[in-house]
Amino acid sequence: MSIVQENNPKSGFRKFCKSLDSWFEYKDKGKWIEEMKASIIIAASMVATMTFTLGTNPPGGVVQVGLSDVSGLESVLDFCSNVTGICAGSAVLGILYHNGYIAFLACNTICFIASLSLIFLLVSGIPMENTFTMWLLSSCMCITITSLALTYLFAAILVTPDTIWPNYDNVFAIALIVWAAIVIVFHGVRIVRFFVRKCNCICN
């Protein structure tokens, strides 16, 4: 009596999908979230404080006015120069390097909003075990860290003298490329995990 064993082409693919899914799956997702929740809130609070400070006290400082200058003024409009248009309290580098300062301010604002969103998401009581919530949390973290890195990059460019910058521009470019590669790999892993789970659903 011979036993004929049929080869199912889906069986090997199903095992492969399950092994990949188990490799990407958290061993104890609930415990990991609870352990990291406090650390993420502290880090997001520090980033929010830092970006708020950078927004109100930017690199290069602001145009200062002394008490002796204020005493002779009759209105707030007198704080602005009729020749240069520079007003007291204006960012110095925003006047000298308009485009670079706007890029710095945009990245700093994005970082500030993303860090506040992280704090709101973690203290709002939304269940963290939800897949969409985890995706939203990871996206906010990536946006926060990436915009913080870009904020530093633009701030360093603004305050670095033109005589020094040409010697180190390649270093900043390499650092930016490496960071972009890390972010792409991270999101690539999450996309692979998403498709692996879809494959598991199809196979089952």
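Cβ atoms here come from the backbone N, Cα and C positions, even for glycine.
The domain 'PGG' annotation in TrEMBL covers 31-158.
Annotation source TrEMBL lists transmembrane segment at 38-55 (among others). Within its own chain, the transmembrane segment (38-55) is flanked in space by residues 105, 108-109, 111-112, 115-116, 118-119, 122-123, 137, 141, 144, 148, 151, 155, which lie at least six positions past its ends and keep a Cβ under 8 Å from the stretch.
Residues 37, 40-41, 44-45, 47-48, 51-52, 54-55, 58-59, 91, 93-94, 133, 136-137, 140-141, 143-144, 147-148, 150-151, 154-155, 158 of the same chain lie 6+ residues outside the transmembrane segment (101-123) yet bring a C-beta within less than 8 angstroms of a C-beta in it. Marked as transmembrane segment by TrEMBL: 101-123 (among others).
Listed as Cβ neighbours of the transmembrane segment (135-159) (distance under 8 Å, sequence separation of 6 or more from its ends, same chain) are residues 40, 44, 47, 51, 54, 59-60, 93, 97, 100-101, 103-104, 107-108, 110-111, 114-115, 117-118, 121-122, 128, 165, 172, 175-176, 179, 183, 186-187, 190. Annotated transmembrane segment per TrEMBL: 135-159 (among others), in sequence order.
If you look up TrEMBL, you'll see 171-189 (among others) marked as transmembrane segment. For the transmembrane segment (171-189), the residues of the chain that approach it from at least six positions outside its boundaries are 24, 142, 146, 149, 153, 156-157, judged by C-beta separation under 8 angstroms.
Mean model confidence for the domain 'PGG' (31-158) is a pLDDT of 80.
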